[in-house]
């Protein structure tokens, strides 16, 4: 075998071995992450919204502590409504959308799982972009502040 071909084949094998260790990511959550990145200030990362207030991140309880936390509260409830659509899992549902001119356009028939989930994510991402991020509300003691 040609040494150049062997080198390329080895590089491909090493790349595939590395890729096999990357956990799969829910497509919808990836799409939501892209929407968030599009709407938030440049100095923030989408991950800074994953453990904020009482509702941004896994679970949620109590009263939202500010406008940004209310965005997450509304998003959680929207996902709850979407889950009532037959065979709809909002966390894994993919959808079609376009990021354009500082807004987000969702495609698909109204009332379908894909469109409802896209609209949930769109509304939340735009809300994030219009809400103040308060550093002191990141990683709060939810047992104390979210009753």
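The backbone N, Cα and C atoms fix where each Cβ goes, and this holds for glycine too.
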Per Swiss-Prot, what member of 66, 76 joins 55, 57, 59 in binding Ca(2+) at one site?
76
From 54, 55, 56, 76, 88, 146: recorded positions whose CA lies within 10 A of residue 118 (disulfide bond):
none
Name them in sequence order: residues not among 55, 57, 59, 76 whose Cβ is within 8 Å of the mean position of the Cβ atoms defining the Ca(2+) site.
54, 56, 58, 60, 72, 73
Expressed to the nearest Å, what is the distance separating residue 59 (Ca(2+) binding site) and residue 72 (disulfide bond) at their Cα atoms?
10
